[in-house]
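Colleague: According to TrEMBL, the record shows the following:
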DOMAIN    54-340  domain 'G-protein coupled receptors family 1 profile'
TRANSMEM  40-62  transmembrane segment
TRANSMEM  74-97  transmembrane segment
TRANSMEM  109-135  transmembrane segment
TRANSMEM  164-184  transmembrane segment
TRANSMEM  225-246  transmembrane segment
TRANSMEM  280-303  transmembrane segment
TRANSMEM  318-339  transmembrane segment
Amino acid sequence: MDQDFEVNKSSECSRLPLMNLTLEEDASIYLLDNGISTTMLTILFTILAVGIPGNLAFLFVVARVPYMRTITNVYLATLAVADLMFLISSIVQYNFYFTHPFRSHLATASFVGCMGAFFPQYVTYFASISMVSLVTHERYNAICKPFLYHGQQGGTRLKQSLKLVVGSWLVAVGLAGLVMVRYAKLFKTCAIWPDDEPYYDLPVQLGYCVAVSHWGLIVGHVLESIVFIVAMITNAIMCTLIIINLNTRVRRKREQNLHTPSSVDTQQALHIRNQVTRMLIANGAVFFLCQTPVIALSLGFLVENLLGVQPDVTYRKLVFAFTVCHVFVFLNSAVNPIIYNVTSRHYRQAFVEAFSRSTNKNDHKIDCNQNAVKQSHYVALAVL
């Protein structure tokens, strides 16, 4: 079938700009390889199958085990909710994207609009940055400013943490709204494909969620990158100070133990606190490592745009890299419960306890006694 004839005959394309893709090298960029699509969907659904049960399990553990209801876990539970929202919203977009033979946002945008396709992901992105930063800040205060931290009542700290969580979500919605100027407009075009296989049966109408203006594109990239970079540097500084402080405390504790040995409870509490702190540092490090490649590509896109390179030219160069890097972003939303269990025996015990509790009354009494002991350890942990 003659593609020019099809375009001219189409009432829809008569009102849309044309995109000349008659050259094979131009058209191939917009074609999705079946092998890549199948591989990506397999990877993404595998991550989804791990991430959704894992995050739900963590929420269940926090709700079921009394000594897990700490301020730190308020932030981690909120992070789990953000991860669940990201996984669910992303799989809808990716499923639409990779089940079509060409690269286009039209199928997704026709279903949920450009706002629906990208806005939930950016809300959860900024909320996740906030939660990771709040966890690090909470540990920083507990380790590096213990007198100020423990001078506050537990109820006061809990109220403050809940206010910070709510405020973080509101800020995340506001930032996502600003970033959305980069994707808010659905641009439709009609493609003139090469007149040979495998382009014969491809639809001629394509659609892409683009910036409302040139400045909208710049604002979106800059805001996304600046928030990430500032958060990463701030977290790195706090984590460095935490590690230095912990090492100093360990050295002092060893010196004190030479003269006055600590009680078993104190030593166990100290061990749990240090273990949880290292777990949270590892969790933050994984978060920023998984997000960095996408931010680096976003900055590369911005630089080329400022240098006058046309967005479609940059898109053609970076589209495959963006696709691969988004796998790491997707993976990051699934691995947190695994990190908790791998790096902390305290969290492993909580998971085991939450899923192995007996309904027998006698066993329940035993569980309550065990919880009381563990709660006392956690109280001891808090005052160190």
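Cβ atoms here come from the backbone N, Cα and C positions, even for glycine.
Remember, it's a predicted structure, so these values are computed and weren't measured experimentally.
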Colleague: Looking only at the domain 'G-protein coupled receptors family 1 profile' (54-340), what is the model's average confidence as pLDDT?
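Modeller: 84, rounded to a whole number.
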Colleague: Can you tell me which of 40-62, 109-135, 225-246, 318-339 gets the most C-beta pairs within less than 8 Å of the transmembrane segment (280-303)?
Modeller: 318-339
Colleague: So which of 40-62, 109-135, 225-246, 318-339 has the most C-beta pairs under 8 Å when paired with the transmembrane segment (164-184)?
Modeller: 109-135
Colleague: To the transmembrane segment (109-135), which of 40-62, 225-246, 318-339 is linked by the most Cβ pairs under 8 Å?
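Modeller: Ranking 40-62, 225-246, 318-339 by Cβ pairs under 8 Å to the transmembrane segment (109-135) puts 225-246 first.
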Colleague: Could you give the residue numbers and ranges of same-chain residues that sit at least 6 residues beyond the transmembrane segment (40-62) on either side and whose C-beta is under 8 angstroms from one of its C-beta atoms?
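Modeller: Distant contacts of the transmembrane segment (40-62): 68-69, 73, 76-77, 80-81, 83-84, 87-88, 90-91, 94-95, 98-99, 323, 327, 330-331, 333-338, 340, 347, 350-351, 354-355.
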Colleague: Could you give the residue numbers and ranges of same-chain residues that sit at least 6 residues beyond the transmembrane segment (225-246) on either side and whose C-beta is under 8 angstroms from one of its C-beta atoms?
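Modeller: Residues 126, 129, 132-133, 136-137, 139-140, 143-144, 175, 274, 277, 281, 284-285, 288, 291-292, 295, 298-299, 302 contact the transmembrane segment (225-246) from elsewhere in the chain.
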